[in-house]
Amino acid sequence: MKIAIIGAGAWGTAIAMLLARNNYRVTLYTRHSAHTQEINQLHTNKKYLPNIILPNIIKATSNFSDIVDHEIIIIVTPSDQVRATIENLKQHSISNNAIIGIASKGLDHNQSKLLSDVVKDYLANNPLFIIAGPNLANEVAQGLPCALTIAAIQKEVQFNISTLFHSTNVITSTTEDIITIQVASAFKNIIAIIAGIIIAKQYGQNCKASIITQGIKEIVAFARAAGSTNPDISQFGVIGDLILTSYAITSRNTKFGYDLGQHEYYTNLINNTNPNLIEGIKAAKILYPLTVKQNLNCHIIDCAYSILHNGSKISYAIECMLKKINHETK
């Protein structure tokens, strides 16, 4: 079986290692020839996974044509690059039998769509799955125990993809709910930013746990509005991913939130921030108008948007959010 992964960052490489440990040959696509040479000759990916040696059966390429005949193609690019990647696959006339996987986090930046809907726009006949879980890429690469959720409408795809990853160290779960898992992947980074601010501003762990609980409510509300009839939040790729992202201080979004909480305005930190690495910044900009349009009470999204994109004072925005949540629960 020929498996390709588009995106040789930390998470893409970690996914490749999971498959390689189960003796599947994987082709990693990266745009940079120097990156390709490092992976193929040194079996390392030092920029993203320092001190990790890659299995020899992982091969890299910078030639997109090398991967278009693969039976399974997993996209692990930043969310703002997914549409262009799908367009590229379409232009290369990949087989209708090729199974497309999405491991990217977030929403489409052009049309504010779920990434699965972008795939359907271009590759409507191809089977599709979403993969997510509470996983730090470095721990996965080290071979530590981890868990994954495989979301796919077709039961056969759920089973086949789950089987590829399952091992004594990898727990897998499956669900038909491809909507909630994608909504959670977009919301979790925003919730993590606010959770980081909460700790930096010394509101305490109780408050942080309450915010995460509120975040789950907002994920469910948005997932229903997006078409999920019964949001499946119990999955590793939903509540598990949210908990890890919000509590791991090594999480980029949580750390960014903590750093942000040392100040009163985002502008105090903006020159030291790469918004391309902090998915929650972009996600808040996309999600806020969608929640307003759907008339949803997503107070965490409102708070994040006001801080990151509307210049609000951080302490004031947090207090307003807490008051709204308190009022709503009465």
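Glycine residues also receive a Cβ, built from the backbone N, Cα and C atoms like all the rest.
Pulled from Swiss-Prot:
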ACT_SITE  LYS188  active site, proton acceptor
BINDING   TRP11, ARG31, HIS32, LYS105, ALA137, ARG252, LEU277, GLU279  NADPH binding site
BINDING   LYS105, GLY133, LYS188, ASP241, SER251, ARG252, ASN253  sn-glycerol 3-phosphate binding site
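Rounded to a whole value, the Cα-Cα separation of HIS32 (NADPH binding site) and SER251 (sn-glycerol 3-phosphate binding site) is 26 Å. Taking GLU279 (NADPH binding site) as the reference point, the binding-site residues whose C-alpha atoms are within 10 Å of its C-alpha, out of GLY133, ASP241, SER251, ASN253, are ASN253. A distance of 25 Å separates the Cα atom of SER251 (sn-glycerol 3-phosphate binding site) from that of ARG31 (NADPH binding site).
The two recorded residues, TRP11 (NADPH binding site) and GLY133 (sn-glycerol 3-phosphate binding site), show a Cα separation of 11 Å. Across the recorded positions listed here (HIS32, LYS105, LYS188, ARG252), the residue whose Cβ sits among the most other Cβ atoms within 10 Å is LYS188. Geometry remark: ASN253 (sn-glycerol 3-phosphate binding site) versus ARG31 (NADPH binding site), CA distance 26 Å. When each of the binding-site residues ALA137, LEU277 is scored by how many other Cβ atoms sit within 10 Å of its Cβ, LEU277 comes out lowest. Across the residues annotated as binding NADPH (TRP11, ARG31, HIS32, LYS105, ALA137, ARG252, LEU277, GLU279), the widest Cα-Cα separation comes to 24 Å.
For LEU277 (NADPH binding site), the nearest neighbour among the listed recorded positions (GLY133, LYS188, ASP241), judged by C-alpha distance, is LYS188.
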